[in-house]
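Written below as structure tokens is the structure these notes are about.
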Amino acid sequence: MAQTHPLILRLIASSIPVANHAGKIIRDIMKKGELNIVDKGIEDFQTEADRQAQLCIVKSLSQQFPGISIIGEEGDDHDADSSSEITTVTEDSVLSKQCPPELVDVTEEQITVWVDPLDGTSEYTQGLLEHVTVLIGIAVDEKAVAGIIHQPYYGYKEKGTIGRTIWGLVGLGAFGHNPGQLPTDRRILTTTRSHSSPLVQEAIKSLNPDEVLRVGGAGNKVLLLLDSKAHAYVFASKGCKRWDTCAPEAILNAAGGWLTDVHGNLYSYNKDTPHLNTGGVLATAKKEEHSIYLNLLPDSVKSQLK
Ligand SMILES: Nc1ncnc2c1ncn2[C@@H]1O[C@H](COP(=O)(O)O)[C@@H](O)[C@H]1OP(=O)(O)O
Ligand SMILES: [Mg+2]
Ligand SMILES: [Mg+2]
Ligand SMILES: [Mg+2]
């Protein structure tokens, strides 16, 4: 891959095959049926697939881009001999895109990659496989600018192709999703299915929805926005982390949507930032509709998410 291409495009071009390979690892481990589940906390699990997918992503990207910072959900204290899992293939179609001018001169030192090797672990362990995604988010300084969401089981109930990969770069656009028309006479929300609470419920009720899609994973819920299946994603809880939102936020932003905490503030994604999204999540398919939802959320909800 020629070094003449801007770094941000080269990093995306490398991250797409890496995310796809992580998806294959996730499917292979499920097929073998040896998940080796570790309990990390309340409703917080890690499986062999989370660990192996993260090793593949971190090793593959750090080998090719030694100067970037990479932060993964599963930490880096579990080593394994996964040298065979390193992927250095590139998605060359990305390199032919026009890099937004403000990102042409970005250096490795400015970049933090936020990795959620398997988003929707609860659903994975319960066999709700289409909820699972692999998330690779790319931040420049504080800002989420690019992302890859790979959905390893997309279409698995039908015969034929399995999996899809969606990517986006702010200022360029989003690719690989299925945008359509959202109904204008109904309000469809999406929220958690496995991490609900009275506060989560209060927030949903205050937005007066006609329909609520309760699905697993932050990546999966942002895909519902990108595919025009839901107007907004609301999660009035501190449970999500930066690796859950970096890739989804960047792609949504590139596609004309918006993701913030419940106060309307953008999260910071630089390498020294705390990991926990203490302000919850409020995301809309259309940026111009974000303030409608923000204004409907009551202070009784907002005041509990600082
Ligand atoms: N209380 C929590 N503890 C751990 N992870 C959480 C919690 N709440 C949300 N998450 C993470 O955010 C994702 C989206 O949340 P939800 O599916 O409940 O809407 C989850 O799949 C999980 O990511 P992961 O599966 O990668 O651990
Ligand atoms: Mg987890
Ligand atoms: Mg996650
Ligand atoms: Mg995860």
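Even glycines carry a Cβ here, placed using N, Cα and C.
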Going by TrEMBL, Glu73, Asp116, Leu118, Asp119 bind Mg(2+); tell me which of Asp244, Asp261, Asp272 is listed for that site too.
Asp244
Starting from each candidate's C-beta and looking 10 angstroms out, tell me which of the binding-site residues Glu73, Asp116, Asp119, Asp244 has the most other C-beta atoms.
Asp116
Can you tell me how many other Cβ atoms are located within 10 Å of the Cβ belonging to Leu118 (Mg(2+) binding site)?
30
With the Mg(2+) site defined by Glu73, Asp116, Leu118, Asp119, Asp244, which remaining residues of that chain have Cβ atoms positioned within 8 Å of the Cβ centroid?
Asp50, Val115, Pro117, Gly120, Thr121, Thr133, Val134, Leu135, Gly217, Ala218, Gly219, Lys241, Trp243
For Glu73 (Mg(2+) binding site), what is the secondary structure by DSSP, using just helix, strand and coil?
coil
